[in-house]
Amino acid sequence: MAHTNESVVSEFVFLGLSTSWELQLFFFAIFSTVYVTAVLGNIMIIVIISSDSQLNSPMYFLLSNLSFIDICQSNFATPKMLVDFFVEYKTISFEGCMAQIFLLHSFVGSEMMLLVAMAYDRFIAICKPLYYSTIMNRRLCLIFVFISWAVGILHSVSHLAFTVNLPFCGPNEVDSFFCDLPLVIELACMDTYEIEIMILTNSGLISLSCFLALMISYTIIVITVWRRSSSGSSKALSTLTAHITVVILFFGPCIYFYIWPFSRLSMDKFLSVFYTICTPMLNPIIYSLRNEDVKSAMRKLRSRHLNWKN
């Protein structure tokens with residue numbers, strides 16, 4: 001690889017969340033529960049949507065893809081973190097560290113674009129309902145999914161291109177539980193100011209532009225819904241509340257990290273935990289608890305399973 005001529009660092013050391021054995025056991029119990037809930041919850045959403053013909057709509061097709069991304073995000077670093085709670089010397093190879101950076105930014109970039117696609121779907125459904133079936137066809141949904149993954153991967157590759165060839169010649173301790181890009185760049189044996197600015201610009205543009213597009217879309221949608229008074233509008237408002245909640249919880253920590261990416265506070269480590277471990281669990285909880293169609297499909301699937309057992 002290109003870095004071997006310049007870099008003498010073959011592995012990085014994670015400082016983790018705590019050095020206390022008792023706290024690490026506590027964190028293991030909590031985060032393993034969150035991890036299993038996130039993975040099983042998102043698998044459950046995919047199974048429910050694929051098994052219920054009434055959920056064969058663009059919104060639920062995009063939701064199932066969102067759940068797939070969340071499953072991927074749950075697995076890029078969390079399993080290693082759980083194992084590392086029982087390891088005193090928490091290390092990761094150079095290649096493994098670069099892989100974590102690539103996967104995280106691929107999944108985050110893809111989820112941003114997919115949330116924009118879901119907002120567009122709701123915009124057409126509520127503001128242009130007569131044209132919904134014509135505009136939001138399966139071909140457009142597949143294009144949205146392809147674009148979301150393409151943007152996420154390109155976004156990640158652009159970060160990795162700046163990072164993989166940096167000279168790492170000594171310091172190798174990362175004050176986190178995974179390879180957080182700003183923390184890794186700080187370990188390079190050179191002035192990384194220009195690289196930090198390029199990464200900040202790249203990440204800031206995609207996150208802020210997606211967030212603004214989402215806020216504008218949902219503002220227009222909410223105003224349209226409030227002008228109507230019907231049971232259908234009430235149901236639409238309930239669905240919108242779930243979407244907006246996911247957007248705020250997803251973009252809140254994301255924008256925070258991109259505004260202050262290279263000035264770390266003590267609470268940043270715990271925001272990283274929320275962002276990488278807890279966020280994938282929130283989508284199935286929010287969508288299953290607030291969405292009547294999903295709850296109805298869950299009851300039908302449960303009844304079908306009980307009937308099959310009997």
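Residue numbers in this text run from 1 along the chain shown.
Backbone N, Cα and C atoms are what each Cβ position is placed from, and that goes for glycine too.
Checking TrEMBL for transmembrane segment across the ranges 60-78, 174-192 points to 60-78. Residues 31, 35, 38-39, 42-43, 45-46, 49-50, 100, 103-104, 107-108, 110-111, 114-115, 117-118, 121, 138, 141, 144-145, 148, 177-179, 276-277, 279-281, 283-284, 287, 293 of the same chain sit 6 or more residues outside the transmembrane segment (60-78) yet have a Cβ under 8 Å from a Cβ within it.
Residues 17, 31, 34-35, 37-39, 41-42, 44-45, 63, 66-67, 70-71, 73-74, 76-78, 81, 104, 176-178, 180, 242, 245-246, 249-250, 253-254, 256-257, 295, 298 of the same chain, all 6+ positions outside the transmembrane segment (271-289), place their C-beta atoms under 8 angstroms from a C-beta of that stretch. Remote same-chain residues near the transmembrane segment (140-162) are listed as 58, 61-62, 65, 98, 101-114, 117, 120, 181, 185, 195, 198-199, 202-203, 206 (criterion: CB distance under 8 Å, separation of at least six residues from the stretch ends). Within the chain, the transmembrane segment (98-120) has long-range Cβ neighbours (under 8 A, six or more residues past its boundaries) at 59, 62-63, 65-66, 69-70, 72-73, 76-77, 92, 141, 144-145, 147-149, 151-157, 159-160, 163-164, 178-179, 181, 184, 203, 206-207, 210, 213-214, 217-218, 221, 243, 246-247, 250-251, 254, 276.
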